[in-house]
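The domain 'EGF-like 3' annotation in Swiss-Prot covers 214-250, and the record cites sequence analysis as its basis. Look at Swiss-Prot and you will find 328-364 tagged as domain 'EGF-like 6'. Per Swiss-Prot, domain 'EGF-like 15' is recorded for 670-706. Under the heading domain 'EGF-like 20', Swiss-Prot lists 860-896. Here Swiss-Prot flags 30, 136, 851 as N-linked glycosylation site. Swiss-Prot lists 1-19 with the feature signal peptide, giving sequence analysis as the kind of evidence.
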């Protein structure tokens, strides 16, 4: 073992002074740093030292010291191999730690040789080791569980031998100190230390991890009825809105407790208010006002209103009755009017308004409606009740036989004909194209055979349409169509027009209907000896086979003409060659002996070589030429492609690429674009080169004749006529009032003189207007205007119609052209003695003054006989009138009015005035007295009262105006004493000094206590205020509220809820 471990280790006992400044004495040695702890210190030693004060040299050659609360210690070079002969010391010193927990993360050392030991305390000594580790713990999966040492210091010693090494170890650590230092708990909370944590126990009213949150007791909104919540610590206070109280403003203060409503009004408590429901007849906030039911002037027809409690009485003038004088006496109750007449009640009279057909004062007379001869045109009048009936002559109708029967009403005219009514008949004015009595016949416009050149005529309404034979056109098919106009003949052909056709005279070399075909001159095979014939325009070209020549290849070429045979050989001509018959046998065809020039194969492109003397001859394959067959024969040289076709030369042939509109090997065939029949609607197709042309039938146009020419496009129809397009034509449907092919002629509707009874006809488009003479109306002035139709005669007058006028026959009592004036029978002043004349229909009524009667008020009466004076008044006749002498308290013509003595508002200080007969009574408010409530009075002292100290007095009136009662102080009541005698008296029965006094007489007669009180109107709530004037013994209101001085006291009808308590 290491020598330094064999040394005797001396434990140093260091006395540590607890408190602040443990490091003040600088106890740490060898350059170590002092760190304050809890009542102690820790020296952070440099490597190689340990001990409480780092005063021991360890001699270790590796290791280190750690002072953080959490960390790790590794073997040297970890995770690489550690060193042999390692003596490592690790010190773990953590300030304020109470325990340190170690966890072995990795451990691989030589078994039994390389060992880690650990212990606690400031000095490392293997003899004091708590445990040790060695071996391949990680590999063997036997790493020990984490272990904890108590205290703030621990050490590890790692020693190795001199041979096998390994990767070593890694040990992590964490410490747990006093987490309540410093104490983070707020607001007086208690801190509980946990493992690496703490917990705060909050006092009531606080929450949060550190009890830093004041619980808002207002969050639950506890205050009711709009109260404002003020949060406190572990509680809250509610500030109530006016009208509520209670801890949570849950109580609605009863403002009705003081009985504020007067005159029997019912108090309804509200929030911070009350509302009085008044008895009928009263109003005001407190029902203090008697409603004046006369304010709305309910009495009608001059009646006088007398106000009462919740009602009124109407004093009616003569001639009217009813609660409100609303009823006029009904003179019509006897039903005087006859024959359905309506009775109109007047004041003391009536008037009959007769039913139609009746007249007279009582409607007894039947009016003769035939008197005015109302029936016209010979009609016979038959009188009835309120009417008549006209028996008309034949041909007339209507109430007055004024209407000529309209035979056009059916209507009889057909096909748009206009019917003109006559007397017992009619005339039809037919629309263009129709005739007949009722316009029932369609006029046949084809009857005159207007269509020419064999065309078919199709009759229409007011017109016709010609369907032309082939080759003709025009409205009447009068025009021969020029089929040459479209120039159908091609290639210079001359066109000759025919009926519905044409003939083309073709130029040389062309043929066909339109000279569209190039004539094939090769068709007769003119070329001889196997030559090829190539057709051209108006000709051909022969391409000869070898050995022939000539226009038709009719000549065999004489190849012997050049004397090819030598050495006396005889030349025999052949087709495209020759044969030499030699004088002597030779090896060549030309009888010479020569080298074989064919040996070098001079003939190209498959040509066959024939050796000749001093040369060779190549027989070329078709399509090649030249000495050596090196030239591709140009088959296009003869221009074989016709009609502009493009010739492309090939070997022994060619290809023609034709221009549009041509086809065939030599482009000699023109394509017939008409083969698909592109022309529509009978159009004739003319083939063109690469196109066609349509010669359209009359009435059609466009490239393929697909469009029907709109002959309406030029708007030929005049005056609003509607154009209907047809094939090669149109038809105008004229607007009413016009006629003609193009609607150019306006129809004269006045020609038939339709206007009757002298009316002037004014011609218009499709009609006419009759300007009638005065007195007539209607479309043709056929109707005599009934000037009576507007009922111009008023007031029951009978109207008789005349020509351009009328006559009114008035009922009795009316006059004027329209019976509009009621004859004024009062104009002669028939009523006597001041009577008022009321004009009626055909009569009058006199409204007599009192005490007169008769038709003309000529009869004098006893005015007092009807006892008009009311309420005990005396009636005095004065001429024909009377005067009522009223008793006091009444007024009016008949003393019917109870004088309202309250009208002058005599009651003062809010007193309620109650009207009486010839007088009034004031119902004073509490605190006021006197006839008019003009004096300040006393409260009604009877009953039980409590003052602010809960002293009690019970007061009772006596017949002398004095008051007697029992008085007890709060102390006396609390101790159960008997009540002393109390005498309460007014200073004057006349209320000239509104004060009162209490005299308390004790049973033992020892002494008295007395005071005087002043009534302060009771404030509407019966509240008394008393002033103490002398105190002979200390037994009143808590020693005069603890002052022994003169003072004021407040008395109410209820015991005080809060009062000063007596001293113990």
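Every residue gets a Cβ built from N, Cα and C, even glycine.
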With every protein chain in view, how many other Cβ atoms are within 10 Å of the Cβ of residue 136 (N-linked glycosylation site)? 14
Can you name the far-off residues of the same chain, 6+ from the ends of the domain 'EGF-like 15' (670-706), with a Cβ under 8 Å from a Cβ of it? 468, 472-474, 481, 483, 485-486, 488, 490, 512, 514, 516-518, 643, 659-663, 726-729
Averaged pLDDT, computed only over the residues in the domain 'EGF-like 15' (670-706): 89
Measuring Cα to Cα, how far is residue 136 (N-linked glycosylation site) from residue 30 (N-linked glycosylation site) in Å? 38
Secondary structure content, the domain 'EGF-like 3' (214-250) (per DSSP, counts of residues): 0 helix, 13 strand, 24 coil
What does DSSP give as the helix, strand and coil breakdown of the domain 'EGF-like 20' (860-896)? 0 helix, 13 strand, 24 coil
From the DSSP assignment alone, can you count helix, strand and coil residues within the domain 'EGF-like 6' (328-364)? 4 helix, 13 strand, 20 coil
List the residues of the same chain that sit at least 6 positions away from residue 30 (N-linked glycosylation site) in sequence and have their Cβ under 8 Å from its Cβ, in sequence order, or write 'none'. 45, 46, 49, 54, 55, 57
Looking only at DSSP and grouping its letters into three states, which state does residue 136 (N-linked glycosylation site) belong to? coil
Determine how many residues of the domain 'EGF-like 15' (670-706) DSSP places in helix, in strand and in coil. 4 helix, 13 strand, 20 coil
Secondary structure at residue 30 (N-linked glycosylation site) (DSSP, helix/strand/coil)? coil
